[in-house]
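Here is what Swiss-Prot records for this protein:
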TRANSMEM  12-32  transmembrane segment
TRANSMEM  42-62  transmembrane segment
TRANSMEM  95-115  transmembrane segment
TRANSMEM  133-153  transmembrane segment
TRANSMEM  189-209  transmembrane segment
TRANSMEM  243-263  transmembrane segment
TRANSMEM  273-293  transmembrane segment
Amino acid sequence: MGADIYRDVLYIFYPIFFIFSTITQLMLIYLIFYHSPTHLKMLKVFLLNTSLFQIILVVVSCSSQFRMITTAIPIELRSYGLLRYLEAWLGYTMYQVLQTSAFMSGMSILITFVFKYELVRQIEFSKSRVTGIILLFHMPIIASMVMEVIMVINQSLPNEIREQYKFLNANAEEYSIVGALSLKTVPSLINFLLISGSVVASPFISFFFREKILRRINSQFYQHSKWKKSQIQVFVKGLTIQAFLPLIFYVPVFGLYFYCILTHTEILFQQYFMTVVPCLPAFFDPMLTLYFVTPYRRRLKIWMRIEKESKVLPVTSLVK
């Protein structure tokens, strides 16, 4: 397919992706606020955190519509979205925000697993314990954000670089060039290793906590009803799928990315979808949460008149 066909496909895709993802995310946020189980406690904070960062991810993705020209050295980053009308440094900054938002939403799912395990163990949450766990799992993100700030300052904000991009984009209409990507600088290499390492490691860490949760609720020391155990199993199943989605989407497109860099092959799918595919979990995650968190699913059934209000079980029963 030619470049024009990819642009036509994305011209249709981005509005649908934005509208559908935003509606489902806002619906989920409403349910988190007003229909969460009483004992969900801080888990709903992490569900909300995941949803908010995925909204940012969707907004940035659709407003930027990046394309990576991997045949150029260094890699040329173009914007075909509304950001093309702004200065290049803003587009480059939004690219870093895109990565951070994806990183944060993925890490939030992992932290939800950790605190779910703590709840199953019936551990009391002290402020120091909560703060310690959150800081521990956010260390890679904090380090990544520091690297991204350094990259923006060094590679986008200097006056001579800004003037260079103003000249390049003076007559740009279809797209603007917003930056250059390379792994030859220390901050960019560190940032790449942090993000790619977390994408690979997070699903397996989540799976580790999944097994511990299931072993715990199936042990003789966990004195709760079969129904309650079943609800926890369903909740954990949904989290597991969410945890593995980034890995499923990232690995193929990143493999193609490295192939294009090493061989200098032009593959238009890779160029146009390199930043689209990693955003797709934001499309699927809210639907998974709406389905696998029982009170949310039942509330949706009530709205669709599939189930009557009187049939809804108390929302206090999901987590404890």
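In case you wondered, yes, glycine gets a Cβ from its N, Cα and C as well.
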Ranking 12-32, 42-62, 273-293 by the number of C-beta pairs under 8 Å to the transmembrane segment (243-263), which range is first?
273-293
How about the transmembrane segment (95-115) with the transmembrane segment (12-32) - do they touch, taking at least 3 C-beta pairs under 8 Å (6 or more apart in sequence) as contact?
no
